[in-house]
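According to Swiss-Prot, the protein has these features:
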type	residues	note
BINDING	H194, E275	Fe cation binding site
Amino acid sequence: MRQTKTGILLANLGTPDAPTPEAVKRYLKQFLSDRRVVDTSRLLWWPLLRGVILPLRSPRVAKLYASVWMEGGSPLMVYSRQQQQALAQRLPETPVALGMSYGSPSLESAVDELLAEHVDHIVVLPLYPQFSCSTVGAVWDELARILARKRSIPGISFIRDYADNHDYINALANSVRASFAKHGEPDLLLLSYHGIPQRYADEGDDYPQRCRTTTRELASALGMAPEKVMMTFQSRFGREPWLMPYTDETLKMLGEKGVGHIQVMCPGFAADCLETLEEIAEQNREVFLGAGGKKYEYIPALNATPEHIEMMANLVAAYR
């Protein structure tokens, strides 16, 4: 019997190619055109997106990207490439490709890269620890479209999420412990997850339950009392209600109530990006301190740390 050759596809959201209005506009147009992200009627959404949102948001968002841009590109791209390279070194006999739902490198280029290595089985690992239709679902949709155009289709193992994976929880816990050791134990550990519209959850997306699972498991691993750990949701967009409580409003409230020291972690982000480095580490720090808080630290994402790479290797091993 011929031995199966397996490849690994690491999938993430994507990023603009440059911190310029033009590049950001191209990226946002692709991102906000996906029905998994915004499912508003196209008759209403297209004019709003093209006539208002893209012209107004692109220059502002480009400035935010410029504030966190790294020598090798956006933080998400730099850390994602590091993850790909480190996992390939950890699994030298297994091709590892990186693909993004939006922007470059595309998911299609990642699939083609693996097929060029003559793999007949692909393990797809969306780097979203907590499932959501708007993230993991978008990877699934695009993968299906890509394979629909192929004459030969490899076997596919698709990892839905890993919200309560033991290695993942331990890696988070060790990162928190290191931060506590460096900065002192805070009055509160705030876990901020990317939000989604409340309507998506009402219609069946189990994302909030998966976030609660991670929060519960992490608090347990740390041995922290429930009242010392709080879960919030960030990065809301548009006018409809999103998952609550909102991170920025919660930080303002906590500062006003006299909570002095907070540390913030974003467990749903496998790699640091604009939403963590600018929104959480900078904007929300100003919100908390401006409301009366005294001390605020952001705990970095797991990025390409050895513990994170080992977690990925162990996670995909069950599907190889």
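Just so you know, glycine gets a Cβ as well, placed from its N, Cα and C.
When the binding-site residues H194, E275 are scored by other C-beta atoms within 10 Å, H194 scores highest. Mapped onto three states, the DSSP output places E275 (Fe cation binding site) in helix.
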